[in-house]
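**Student:** Before anything else, here's the structure in question.
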């Protein structure tokens, strides 16, 4: 076995590439096992074998050797090997089938102590089956009926059965196999549901992240401990159970759902975790299942329990719930006569029915908060992307739900085939009316009545000037935000002067700039020439990437740790220098063998050495000088019996080059040649003078060095070969990577951990950032949306005149607008390297949004809108939290919805940088009439004025339990 845990007998690069390439095309099969590999390691392996056709320049080079498989970057806790939250496929990890994993493991091994991260393939979807690897397992809270305070956490796959959970609970709570048990699903504060179908899967049962399950062993006399309580609660509804509004907080809030199910990476079965964590007092001492008397709640002011990262869904639902025309339609049961169960594009009416049931609960006035379990289960069945417990996008859920409701409620039973016609110079009004009528012939529902409008799209060929005008329906407006022209980066500068600590800077660089722009900006603040800077990405004590000056800054993600090193291209005498990456490693004995392993630590270095002086001795001196700031002098009883040769650390030259034999066996033959006090270095090992010198030194301890050198791969996990120690020049270049290996005792005595990690803050970090006027008006976004643009070279238009694809100019205009205008602010942007969120404040009116000036139909009616709801997103892309503001249709007051919590809000709180999706209601005198089938620009239909919406709402703040 090679150093670092890999096998020497591995196939050549071409064979590895061929075998893995075929396996990576394996299709997902339900129940199959797949493995997670850190994408950084996998990318290094791909470079090493030339996996990608565009990256085959350095195939097989030693410095690219990836070493043993290292998944440490995926763990939030290296000890328990728990996965980090919000890992993203291809960006953070890659998935490989079991056979591919086994091959890589045989060829390279795995970092010692790490267990494979294996997961199962599960199936989603009701009609169209969709397989995906279940990366995050579901965390369930388990307890016994007799001791509800003893709560244990355990992870399960959605493919596990209820019988599997029961078996695990029997084992955890020491319940004999012959004793009868019942399993209960407990949620909110006092609602139970028996899980009687043991062959149901976790997914079938609708269990969610943080769900509490109670196991109830039967009494010896054959009765059940909860029998009396069960009879009291037997009238509870079987779906979407609720609790009393008097319960202001959940008695088991301490075991509520964490942001994401991490699973247990040490579990190789992929079924459920063998490790169980114990919670504190998971339940209150009172374990009463009887529901409290119902109290009147203002209809519509109903919170939604978080089922584990479902705040995105709750936010979207609260906005739709407070869309009066749609909610009235469901509350009046008008949907029942229009359900289309035969629509092949629909969901057999099940989404419409699930939504109707939820809306009725939310507007019943009985429930302060409900858990939308069954609704989420139904959504997950038809849209697998929403079936898990990872953070999703509220706008994407809205898009799915509006489309799903439309198809479930489509009044058109058989859609006719219609041929699309081009305008061909006909008047816009004629073409628009034709397009809308054709749309209504195939799509006729309450969603079309309420949410659909019409775009005008104009394309002009740059070659023949052909003009193509089409009119297309839309359900919501996605508006771009003016892009930021620059970005702020926080980086560390490591000066060449070893006496100076690294300094953290905050610099402003062009958003789409190059690495050279970063160096120029840093040069202005530091005074160091930009040409003497090397920009690196440091990850896990190694250089993940060393950037070239012409590389784009979009390759650098906001979370990357960027270190800029000052280096010297020439020495003081003008000779050329070579700059070498150097890693710190500690040699540790492996408990299972007599060999040693190396563990990376500390901050890597870039060390410059004159090419004509690149010997082992000069390299040692250069490194010692570089680290002199954090080399400490040990106490007399700490340094051991042998003196230490500190080299340049204390200004002295080498006194002896003798190293510990176990550490530097490969440098044994060069010891005398590196010593100045023991001879000239020209003596032959067998000469009389050499032998006399050795005898002279034999009786006294020989100084040890701080560390030894190894030529390693760019990951620092595998040794390539030893360095020449005969005094000759070392054959190293800037692509070589060195490791300085310390034994544990020397590191403990001489290496000052605290000083090595200490850095200074530049004044740019201490000064508050200048806040530019970043707010933009909503009209600016609309104008940007309607601005003419040229299509990109990868997105051309096929010109029917030229008979070829052209980069035409394209312009969108608004022709007619719907009764409910949904505006999606496009805050999220991403490319192959990084993701970003625009936190720009968009100033949008709460009242009187006049869209008439943006509508190009000259005969259009006035379009004036009032805001009725906002979906908010706090945090970064892929993470964070969703909430909603919404205006209650009965009392006209604004409320803030944060999962289960509902509180009164003021209008001046609504416009924030978190606003993501806006809901506007058109001013119309008869808005709540049954939606007509007319063209959306017509004047029929209207809105009941909010002043006439009478209600007896309570103005107090509702503080409810958040799951």
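Glycine is treated like the rest: Cβ placed from N, Cα and C.
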**Student:** Look up region 'Necessary for interaction with RB1 and RBL2' in Swiss-Prot and report which of 444-448, 449-453, 454-458, 459-463 it refers to.
**Tutor:** 459-463
**Student:** Based on DSSP, name the secondary structure state of residue 802 (Zn(2+) binding site): helix, strand or coil.
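**Tutor:** The residue in question, residue 802 (Zn(2+) binding site), is coil (DSSP, three-state).
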**Student:** Nearest of the recorded positions to residue 311 (active site, nucleophile) by CA-CA distance, picking from 461, 464, 802, 881?
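**Tutor:** Nearest by Cα distance to residue 311 (active site, nucleophile): 881.
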**Student:** Let me know the most crowded of the recorded positions, choosing from 311, 464, 799, 802 and counting other Cβ atoms within 10 Å.
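**Tutor:** Its Cβ has the most other Cβ atoms within 10 Å: 311.
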**Student:** Which residues does residue 461 (Zn(2+) binding site) neighbour through Cβ under 8 Å, counting only same-chain ones at least six apart?
**Tutor:** 467, 797, 799, 801, 802, 806, 808
**Student:** In the same chain, which residue numbers or ranges, 6 or more beyond the ends of the region 'Necessary for interaction with RB1 and RBL2' (459-463), come under 8 angstroms Cβ to Cβ?
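**Tutor:** Contacts of the region 'Necessary for interaction with RB1 and RBL2' (459-463) (Cβ under 8 Å, skipping residues fewer than 6 from its ends): 469, 797, 799, 801-802, 806-810.
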**Student:** Quick one: which residues besides 461, 464, 799, 802 have a Cβ within 8 Å of the Zn(2+) site's Cβ centroid, in sequence order?
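**Tutor:** Apart from the listed residues, the neighbours are 462, 463, 465, 466, 800, 801, 804, 806, 808.
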**Student:** How long is the line from the C-alpha of residue 464 (Zn(2+) binding site) to the C-alpha of residue 881 (active site, proton acceptor), rounded to the nearest angstrom?
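**Tutor:** The separation of the Cα atoms works out to 50 Å.
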**Student:** With an 8 Å cut-off on Cβ-Cβ distance and a minimum sequence separation of at least 6, pull the same-chain contacts of residue 881 (active site, proton acceptor), or say none.
**Tutor:** 311, 873, 874, 875
**Student:** Calculate the per-residue pLDDT averaged over the domain 'USP' (302-923) and state the result as an integer.
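**Tutor:** PLDDT averaged over the stretch: 82.
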**Student:** If you run through the domain 'Ubiquitin-like 2' (483-571) with DSSP, how many residues end up as helix, strand and coil?
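**Tutor:** Secondary-structure composition of the domain 'Ubiquitin-like 2' (483-571): 18 helix, 38 strand, 33 coil.
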